[in-house]
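Peer 1: According to TrEMBL, the protein has these features:
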| type | residues | note |
| --- | --- | --- |
| DOMAIN | 121-228 | domain 'Cadherin' |
| DOMAIN | 229-343 | domain 'Cadherin' |
| DOMAIN | 344-458 | domain 'Cadherin' |
| DOMAIN | 459-566 | domain 'Cadherin' |
| DOMAIN | 565-671 | domain 'Cadherin' |
| TRANSMEM | 676-707 | transmembrane segment |
| COMPBIAS | 737-746 | compositional bias 'Acidic residues' |
| COMPBIAS | 809-828 | compositional bias 'Low complexity' |
Amino acid sequence: MPLHQGAFPEDVCISEQQQQVDFLDCGRGAPVRMECNNPSDFRIEADGVVYAARSLQRSPQHALVLLVKAIDGTTQQQWTTQVRMEPPALSSHVPPAGNTDLMEISFPSRRNSQLKRMKRDWVIPPINVPENSRGPFPQELVRIRSDHDKSRALRYSVTGPGADQPPTGIFIIDPISGELSVNKPLDREHISNFHLRAHAVDLNGNQVENPIDIVINVIDMNDNRPEFTHQIWNGTVPEGSKPGTFVMTVTSVDKDDPKTANGMLRYKILSQTPESPTSNMFTINNKTGGIITVAAGLDREKVPQYTLIIQATDMEGNPMYGLSNTATAVIRITDVNDNPPEFTAEMFSGEVRENRVNVIVANLTVTDKDQPNTPAWNAVYKITGGDSTGRFSVPTDPTTNEGLVTVVKPIDYETSRTFVLTVEAKNEVPLARGIHYPHLSTATVSIRVMDENESPYFEPNPKLIKLEEGLMPESALTIFTAQDPDRFMRQKITYSKLSDPANWLRIDPNTGRITTIATLDRESSYVKNNLYNATFMGLDDGKPPANGTGTLQIYLLDINDNAPKVFPQEAEICEKPEPNAINITAVDGDLNPNAGPFAFELAHRPFDVRRNWTITRISGDHAQVGLKIGFLESGIYEIPIIITDSGNLPMSNTSYLRVKVCQCDINGDCTDQQHIMAAGLGTGAIIAILLCIIILLILVLLFVVWMKRRDKERQAKQLLIDPEDDVRDNILKYDEEGGGEEDQDYDLSQLQQPDTLEPDAIKPVGIRRLDERPLHPEPQYPMRSAAPHPGDIGDFINEGLKAADNDPTGSGSTAGSLSSLNSSSSGGDQDYDYLNDWGPRFRKLADMYGGCDD
């Protein structure tokens, strides 16, 4: 409780549960240590709270006095006070109903006379109010008094949360008497303490005291049950665990004050389900909630799970006054490998056809009491006997846990007809300590092999034979036969040819004898690296038939059957051979020693070969050809060269070297046009050039035809010029006599049939050009055959002239001017008036020829 000027009050009343002693250090700031004279029954915390160290039994009629000492940590100065212990019903802090005399607190005088006593302003002890009080309300708590109330009238008030601030209306004060009261029940779990400020003013509202803080502590009552953080707790423990093995921890919380018995919890197990093998397989730490095993015998295969009902009680587990709550703890027993796999039978059997692989021949079943699909349940199989060649394996089926006996290497029925395997089964993890594998963890597997028709095989394959090339047809080479692995079936094998690229060989279907049907040639394109490969098939008569193939390799030895040739076959040389010369090489399809070194020689004919050319051997395969004379005219020359190889029976051959002699520049390169020819154009290039020339000629021809057609169209348009146009605009001027080529393009058929030039039958009626002659009957001219003799043209012209002279209108011929060539009639006898109807161009002619003589 607050003390003024470092003094303690002479006595303080507290309840049996707790009280607080506060020390006013008068601004010293030094730490203060508090002690009591009865430490076995009471203890004082650093904050001044007094606690009962044990349960006290005393008479309610007598108060217990406790002496409290405060010691200054720096100066070691001491102060003392008394705390009087009374029953709660008589506590001055919570006076009984109707009691109007509130406790007055008197402060003792300072025991140290050397210190000057300072003026006291307020004496307000801390106020402890139990929560959940039933009233009646308002309930007086304390009287607030100022020393100035003796000389003047004062008015008291309080401010702060719970008074004039939210939550408002909890505390009220009598403004005249200063009695502070609580107006409703308090809840410590909601608000554990209140801090108010008291004021004293005169009737004029003037402050007569400095405001002072009032602390109201809410005393905890046991009004909250413990609450588990989870209603169902899950834990695990391995089977076979020893006593004392930790399982899990359960926790609960209590909203009451944990520093008091109201919030101190204790745990215990109410029940265990099932109660096997005992009813107390587990225990719980009553303070921490930790669950451990207390008995042996946890067996997952018998009891896979336990359910515990856990109770938490406050008031330190007092069953009479404490509040309780329960939760469920589910403990699952985890599996350990304490059960080995056991075969369901001691003997298993199966069968398999020979030469089959990756096939399952037997299924081995086991039982395991451990938890399925765990390493303690999964089986691993191992063959421990009967498979020295490693032809079998036993993988595990992940779904059924069965052992699958599988063939991994082909089995030959003729070698092994049965197998007896010994298989052992274990788990993926070792067995628990002290447990051994029983007899049924090993089983025997009997496997029977069934015979099948196997394919014949050639031995050796491939088969290699060596022969000289040039072997004649119908020559026997070898016997190539196949073996039948089915020794017990006694089958017959027939042979046939599968592959013979050059079609050189034949095989007897019964004996396998191979003979030639053509000459063997090592230089054939089907021979690679002197080897010729042919493939044959052997077919047995089993059901179903089986076949096998074999390859015969014929190594052909070379003989001298190819004459050498010159290479290259074309070359160039300058007219003046210096410094150029021609290097040639002899090539031979044979191999050494049937090839080089070669002998080179110029042929004796023609006679000028040796006169003009010379050949010099450089090495066994090379020679050099050059001009023997100082100059040779440009051109193409063919030089016959005789080349002889070094075979046992040498072969000679005359090869022709085509040499182009040309003019050369200073670098020795041909410079004339024939250089291009010497280089040689391919057939494709020549065809392409010819096609380009033909296309160019066609384009030129089309252009000429188009130009002629355009000129004809232009001349036809000029005939349709308006007669009113100036005649000078339509005059065509030629710079040479007789007109151009177009005037000479005659149609002799028109001389035979002039009426066909412009027949009247095809003209529209009433339509004619303005300058056209009037329509008059025209005389008939003699017809000429389609192919006249050249001598008849003159007669035809003379007959036409006669007809024109006898025509009074002059319309008998399109070339009317020809009538004056040899006409005996005079022009004056003609009537030219019809020219007036031909337009303005002929009117002047009518005047000239139709007028008088003058």
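Cβ coordinates come from backbone N, Cα and C, glycine included.
Keep in mind that TrEMBL annotations are predicted by a computer and have not been checked by a curator.
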Peer 1: Suppose you look only at the domain 'Cadherin' (344-458); what would the mean pLDDT be?
Peer 2: 92
Peer 1: Which numbers of helix, strand and coil residues does DSSP report for the domain 'Cadherin' (344-458)?
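Peer 2: So the domain 'Cadherin' (344-458) is made up of 3 helix, 51 strand, 61 coil.
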Peer 1: With DSSP, how much of the domain 'Cadherin' (121-228) is helix, how much strand and how much coil, in residues?
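Peer 2: Residue counts in helix, strand and coil order: 4 helix, 47 strand, 57 coil.
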Peer 1: Counting each residue once, how many in the domain 'Cadherin' (459-566) are helix, strand and coil under DSSP?
Peer 2: 0 helix, 50 strand, 58 coil
Peer 1: Please list, for the domain 'Cadherin' (229-343), how many residues fall into helix, strand and coil according to DSSP.
Peer 2: 6 helix, 50 strand, 59 coil
